[in-house]
Amino acid sequence: MKIFYKAINMTLSMFTVIPLPKYEWDDRAAKHIMKLYPFIGLIIGILWYLSFFVLSKLNVPIMLMAALILTVPYILTGFLHLDGFMDVSDALLSRRDKETKLRILKDSTVGAFSVISVVLLLLVEFAGIFTVLNKNLDMRILIFIPIASRTMNGYFIVSQEMLGQSSLAKFFKEGTGKVDEIILLGIYVLVALITFFTLGINYLIAILAMGLISFILLLKVKKELGGINGDVAGYILVLMEFTGILLLGII
């Protein structure tokens, strides 16, 4: 139980900016981090929904509310995944050979493609959130979207070939196996079912579309880069959540 508590502490510290008591790193607890990744999604999702609830009670104008809601998950995660999205976008959009793409991925310099990509992403995501608010949809979906994205991310990290030898994602994979993969896939199915029974079919379609786009992105990245790492996981997570919001704005 103590190991599990440490794992929760470590997971929250790694993937959020939520202040926590100091702790000592424990390699035995690290193997549980990916299984707890959906829990991080739950925390972020609840805080995301609460931000909407508070803003709506304050009668904040819809356009401003959409902009503020957009920032919440990025702020809570310290822009960790958005940074990965920018790095991978820069590499993939360069249209260079595999070795050059990998070199670009490791380069800390902010490239033009990454800037263009993040600006377009945030503009369209803002429009999506604004549309969802304007359509008066059930905003409890904000709880489920981060859980789904992090569940699939955890599954990819424990099941896929790692990119590079020094990847932190590779460290998280150590000590995991088929049981972890089954648990994470089971959680995704559970999230989909709860979404359907509490919110309805349109919201289920959004969750399933997030899963579909994640596999499409995974295949693309594996083809062009050869595997997955922390940046790739962030890239997939950001586009999964973007897909969920965008689809709700359309259907």
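From the backbone N, Cα and C atoms, a Cβ is placed for every residue, glycine too.
Per Swiss-Prot, the feature transmembrane segment maps to 36-56 (among others); the stated evidence is sequence analysis.
Annotation comment: Swiss-Prot describes 60-80 (among others) as transmembrane segment.
Sequence annotations record features per position, and here Swiss-Prot assigns transmembrane segment to 110-130 (among others).
Residues or ranges marked as transmembrane segment by Swiss-Prot: 181-201 (among others).
Summarising the annotation, Swiss-Prot assigns transmembrane segment to 202-222 (among others) and lists sequence analysis as the type of evidence.
The feature transmembrane segment is assigned by Swiss-Prot to 231-251 (among others). Long-range Cβ contacts of the transmembrane segment (231-251) within its own chain (Cβ-Cβ under 8 Å, at least 6 residues beyond either end) map to 73, 80-85, 87-89, 105, 121, 124-125, 127-129, 131-132, 135, 137, 141, 145-146, 148-150, 152-153, 156-157, 163, 169, 202-203, 205-207, 209-211, 213-214, 217-218, 221, 225.
Same-chain residues lying 6+ beyond the ends of the transmembrane segment (36-56) with a Cβ under 8 Å from its Cβ atoms: 7-8, 11-12, 15-16, 18, 65, 68-69, 72-73, 76-77, 139-140, 142-151, 153-154, 184, 187, 191. Same-chain residues lying 6 or more positions outside the transmembrane segment (181-201) and placing a CB less than 8 Å from one of its CB atoms are 34-35, 37-38, 138, 140-141, 144, 147-148, 151-152, 154-155, 158-159, 207-208, 211.
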